[in-house]
Amino acid sequence: MPLAQLKEPWPLMELVPLDPENGQASGEEAGLQPSKDEGILKEISITHHVKAGSEKADPSHFELLKVLGQGSFGKVFLVRKVTRPDNGHLYAMKVLKKATLKVRDRVRTKMERDILADVNHPFVVKLHYAFQTEGKLYLILDFLRGGDLFTRLSKEVMFTEEDVKFYLAELALGLDHLHSLGIIYRDLKPENILLDEEGHIKLTDFGLSKEAIDHEKKAYSFCGTVEYMAPEVVNRQGHTHSADWWSYGVLMFEMLTGSLPFQGKDRKETMTLILKAKLGMPQFLSTEAQSLLRALFKRNPANRLGSGPDGAEEIKRHIFYSTIDWNKLYRREIKPPFKPAVAQPDDTFYFDTEFTSRTPRDSPGIPPSAGAHQLFRGFSFVATGLMEDDSKPRATQAPLHSVVQQLHGKNLVFSDGYIVKETIGVGSYSVCKRCVHKATNMEYAVKVIDKSKRDPSEEIEILLRYGQHPNIITLKDVYDDSKHVYLVTELMRGGELLDKILRQKFFSEREASFVLYTISKTVEYLHSQGVVHRDLKPSNILYVDESGNPECLRICDFGFAKQLRAENGLLMTPCYTANFVAPEVLKRQGYDEGCDIWSLGVLLYTMLAGYTPFANGPSDTPEEILTRISSGKFTLSGGNWNTVSETAKDLVSKMLHVDPHQRLTAKQVLQHPWITQKDKLPQSQLSHQDLQLVKGGMAATYSALSSSKPTPQLKPIESSILAQRRVRKLPSTTL
């Protein structure tokens, strides 16, 4: 976005002449003293410790599942451990060929392993194993399912300053920890900040990190991504941990504005801009954000915030972070603004399909030079926690088999993995069938969606992001054959909610309260995340088993569901929604939420009365039903209503209010006495009409509603202007 150009906001440093060949500052001009041996192997001091008696790992201990990424140094695979004590656990495996690494790159790799082995912090990726073969080096790291911050920043979400503050605060704690160990990160950029499944950050890729080596604790290497480089890194005058705080400022600027502060047409021009350009401060930023940026963008590193004796404490004390509770943040008790859409432990939907579509293959390494193994001597490492008593309970591990596949770029077809059985249900644009997974003989349901009639991307994303909720149907697998999309979900063996209730010989008001509580709690969770279902008819609320326990209810069929988005198609965080959304957008969102509550009101009425509120019989026309709905006319007397509690009638009336903006919210439903005091409700039996009459009336009600309004067609988020502008292509190399 265009930035308002102001007068010179930051002081300038004297510009160091650039080498015309490569755009880099020459060593002598930059104050870098040449070394007679070029300092290649002496660039860092490598220290190494391995726990005595620990069992070493090797490549045979890991099953290759998918390619997650590929860069100049090697590939990253998703792997599953197949040996004890952590068999079944998923990791990211970074594989590097010794023969293709230059000496300097080998030092970087050894350095990355040493740094990761020494660092244990909630916001830094954890190293679990490190080992080598004759031709390759292996780093076994946390598998972080949320992908990298760059993908989130560029393709999906509208962040506010409060949202950015969360990520920057976690990042400050991670950097502070590295600095306390004498480590300069030097490659801070969104691509190296990963998200876990909850949305917390993890710093990764330590190939350019460096432990300070001279008496002034300065490093001199020219490294990092040029747009994020500090001036002292560009001119090679020697840099300390203060260089990371400049990069931190660049990241903050990019997240707040969507653009980089210094970016030329090529590398040389970018470095020139970093050293001498005037930059206008965007006036739409808060004064606190502007103040922090000015304090970080000091070209003299000695004057930069964070460079003083207190280090990161200077950053943490800045007024921009006045609302952050740093202790709660460190304990991961502050809720992230964005939750990645990942469901199963080995989902890789958020990794570039250029890589995840490839067959994972760890090719034999070419034997390196004779000295290579000596250079990497002592490379093996086993995380301490893995050697503890295996009898102790551990966190839930991934199952030994996986049915989750990648959505795009596969050469797989649904019938390769599943046997299709009978039809369960038919809709206007999809059909649902029972299916059996061939490898495990497990039963599932598959929803086959005709892509020419509906774009399923929103439904898939919502199920991935929120399907972990205990009362939302779980998405197990996704296939795409260009004409149809196949959504494999858990099988609802207990059938529809109304079928179960109306077939019971005994159903009471108290039981109805427990049912509504479970469903309302789930709807309140969705609404709090900016998601509206918009099709909460009873046939989309099913039991996962035949127990009839309300906790076994699942909300299904998110085909009409929506996530709250900005005009450019990007998702809005709750903070963004609360502060920056136009009233008409909020009004529409409130209307959709009101429709969900109305549907729950219809369900509640039917459970209590034994018949539907607006359809009186098979002879009703859609026009008659719509007239009753629009006038808000329904009866609360006679039949079961003579014995139903007054609090129940009050709740029904407030949920079925004719004005959607005057209906109770899901949160208010949960706070209603009929829900909070359910144990005091009557347990007398409620009578009901014939099951088919009730279901017929319900079907007629929703049929009349659907015929009265057109269904909006939602476009995929990839079609948004901002998403298209920020699409990038990662470099491809062969390992």
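A Cβ is built for glycine as well, from the same backbone N, Cα and C atoms used for every other residue.
Record features (Swiss-Prot):
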{"type": "MOD_RES", "residues": "SER54", "note": "phosphoserine"}
{"type": "DOMAIN", "residues": "62-321", "note": "domain 'Protein kinase 1'"}
{"type": "BINDING", "residues": "68-76, LYS94, 424-432, LYS447", "note": "ATP binding site"}
{"type": "ACT_SITE", "residues": "ASP187", "note": "active site, proton acceptor"}
{"type": "MOD_RES", "residues": "SER221", "note": "phosphoserine"}
{"type": "MOD_RES", "residues": "SER307", "note": "phosphoserine"}
{"type": "DOMAIN", "residues": "322-391", "note": "domain 'AGC-kinase C-terminal'"}
{"type": "MOD_RES", "residues": "THR359", "note": "phosphothreonine"}
{"type": "MOD_RES", "residues": "SER363", "note": "phosphoserine"}
{"type": "MOD_RES", "residues": "SER369", "note": "phosphoserine"}
{"type": "MOD_RES", "residues": "SER380", "note": "phosphoserine"}
{"type": "DOMAIN", "residues": "418-675", "note": "domain 'Protein kinase 2'"}
{"type": "ACT_SITE", "residues": "ASP535", "note": "active site, proton acceptor"}
{"type": "MOD_RES", "residues": "THR573", "note": "phosphothreonine"}
{"type": "MOD_RES", "residues": "SER732", "note": "phosphoserine"}
For the modified residues SER307, THR573, the one whose C-beta sees the most other C-beta atoms within 10 angstroms: THR573
Nearest recorded site to LEU68 (ATP binding site) by CA-CA distance, among recorded positions SER307, ASP535, THR573: THR573
From recorded positions GLY74, SER307, VAL426, TYR429, CYS432, the one whose Cα lies nearest THR573 (phosphothreonine): TYR429
Fewest-neighbour residue among binding-site residues, criterion Cβ within 10 Å, set LEU68, VAL426, CYS432: VAL426
Candidate recorded positions GLY74, TYR429, ASP535, pick with smallest Cα gap to SER307 (phosphoserine): GLY74
Residues that sit under 8 angstroms from TYR429 (ATP binding site) by C-beta distance, when 6+ apart in the chain: ILE449, ASP450, LYS453, ARG454, GLY559
Local backbone state of LEU68 (ATP binding site), from DSSP in three classes: strand
Overall pLDDT for the domain 'AGC-kinase C-terminal' (322-391), taken as the rounded mean: 57
Residue pair VAL426 (ATP binding site), ASP535 (active site, proton acceptor) - Cα distance, angstrom, rounded: 15
